[in-house]
Amino acid sequence: MADSRDPASDQMKQWKEQRAPQKPDVLTTGGGNPIGDKLNIMTAGPRGPLLVQDVVFTDEMAHFDRERIPERVVHAKGAGAFGYFEVTHDITRYSKAKVFEHIGKRTPIAVRFSTVAGESGSADTVRDPRGFAVKFYTEDGNWDLVGNNTPIFFIRDAMLFPSFIHSQKRNPQTHLKDPDMVWDFWSLCPESLHQVTFLFSDRGIPDGHRHMNGYGSHTFKLVNANGEAVYCKFHYKTDQGIKNLPVEEAGRLAQEDPDYGLRDLFNAIASGNYPSWTFYIQVMTFKEAETFPFNPFDLTKVWPHKDYPLIPVGKLVLNRNPANYFAEVEQMAFDPSNMPPGIEPSPDKMLQGRLFAYPDTHRHRLGPNYLQIPVNCPYRARVANYQRDGPMCMHDNQGGAPNYYPNSFSAPEQQGSALEHHSQCSADVKRFNSANEDNVTQVRTFYTKVLNEEERKRLCENIANHLKDAQLFIQRKAVKNFTDVHPDYGARVQALLDQYNSQKPKNAIHTYVQAGSHIAAKGKANL
């Protein structure tokens, strides 16, 4: 019944009711000129041609032609919300960041949840990691914690990131999702085993956005007021409890309600059922990092909680839906290099790569002045620098202040207290190969100790159901990697693949050639 619809379905009705006492606004052009007729174009006679002087039409159509901005190359499908972060435990011994200044302090936040590989209109219930990015609007500028719903990732070296994403996207010729591409990359990069195993476990399809954890994933550095530093990892655990979707239910929702996660989040907040997450850190001293049994900056591994327990810090609460999706979610831009004093990057190779990649793609997608867009603006800090001009400069461009540094005219000065913590690095400069670092020990622990028997069974079924569509030689490479983790892991997946492979094969298209250039060259030669 229409009377029992959810808040998302009734958005238009509620908007009208909120404006009930007001008269409708006067319809205008983009330039603010009142419009007398919005239904009929201006023509020379009832059957004549359109007149170029019909600026009502040209203003509308020209803007419509430019409505779309470039889609995010990853994390294109997403949902956003706003709220606050509240400190519940003192960690000033670790960090001088103002966001952690005292117990009870609240900092405004913006959060975006997303899938990774799908396009903007893709389903929310696919098996894919979820982005879980948090923007803290602090007095020292924005802090963007650009995380996922998994504590690990597929790769540990940023050089592989473009190829990894290409393998998860569409085939360059068929424009279809291609299991050959997906599993060829994963099987050739065994460092992906930890994340692949997590992805095909029950947690690979969260029940919406409210029932999953978030992780900063990378290793970061915290610096206190005395200049003392430690390494840390960030965790945010859902207070709603972990809930995942069975494969069949996820498939049904993908067809019947592909925006399931977006709808669930909007309706929960609109109904006053504000989702929250408890925020924790793990801490490791520099001395501990030197003797750690593996690289503490390796994004494919976790820090054991028994050795580095979770330290409670605060709570994330989401209590406001976006007023306009495009303005506040599609234009939202997260940048891992946005770190206020007290929070710094570690040598994590993936984090180091993201420090460049994220602001670079935002400048492409939103323009060089994307930080002036209201949702991205560090509105609780006063931005004062020597950056000027550029497309879509929306403020006063810092008026008549000098645009060079140093200068003698009382323009912005550097602040010594904001200097980064000193770091020590190896003097050896080369491309260090990390591909053969231990890729199986933590995966074995996850498989044998974290998952129970039923969960292991579903894991192997999920993998085989996806891997079966790849070519046999790729299947064999993948199974070898699973066997390296644990013989039972590989044997179960292989047994299921044998069942699939014994059935009549489906028609498959495998087109990995560079024929186009050869054909073109041959054609030119025959001219």
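Cβ from N, Cα, C; glycine included.
The following features are taken from Swiss-Prot:
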- HIS75: active site (ACT_SITE)
- ASN148: active site (ACT_SITE)
- HIS194, SER201, ARG203, ASN213, LYS237, TRP303, HIS305, LYS306: NADP(+) binding site (BINDING)
- TYR358: heme binding site (BINDING)
- 1-22: compositional bias 'Basic and acidic residues' (COMPBIAS)
- SER9: phosphoserine (MOD_RES)
- LYS13: N6-succinyllysine (MOD_RES)
- LYS221: N6-succinyllysine (MOD_RES)
- LYS233: N6-acetyllysine (MOD_RES)
- LYS306: N6-succinyllysine (MOD_RES)
- LYS306: N6-acetyllysine (MOD_RES)
- SER417: phosphoserine (MOD_RES)
- SER434: phosphoserine (MOD_RES)
- LYS449: N6-succinyllysine (MOD_RES)
- LYS480: N6-acetyllysine (MOD_RES)
- SER517: phosphoserine (MOD_RES)
- LYS522: N6-succinyllysine (MOD_RES)
- 1-34: region 'Disordered' (REGION)
- 524-527: motif 'Microbody targeting signal' (MOTIF)
Open item on the list: Are there recorded positions among SER9, LYS233, HIS305, LYS480 that sit within 10 Å of LYS221 (N6-succinyllysine), Cα to Cα? If so, list them; otherwise say none.
Closed with: LYS233
Task: Cα-to-Cα gap, LYS449 (N6-succinyllysine) vs ASN213 (NADP(+) binding site), nearest whole Å - done: 20
TODO: Let me know the model's mean pLDDT on the motif 'Microbody targeting signal' (524-527).
DONE: 44
TODO: Tell me, in order along the sequence, which recorded positions from LYS13, ASN148, LYS233 have their CA within 10 Å of ASN213 (NADP(+) binding site).
DONE: ASN148
Task: Fewest other Cβ within 10 angstroms of its own Cβ, chosen from the recorded positions HIS75, LYS221, LYS449 - done: LYS449
Open item on the list: Considering Cα atoms only, can you say which of ASN148, LYS233, SER434 is the nearest neighbour of SER201 (NADP(+) binding site) among these recorded positions?
Closed with: ASN148
Task: Nearest-integer angstrom distance between the alpha carbons (Cα) of ARG203 (NADP(+) binding site) and LYS480 (N6-acetyllysine) - done: 24
- [ ] Would you mind sorting out which of HIS75, LYS233, TYR358 (the recorded positions) have a C-alpha within 10 A of the one on TRP303 (NADP(+) binding site)?
- [x] LYS233
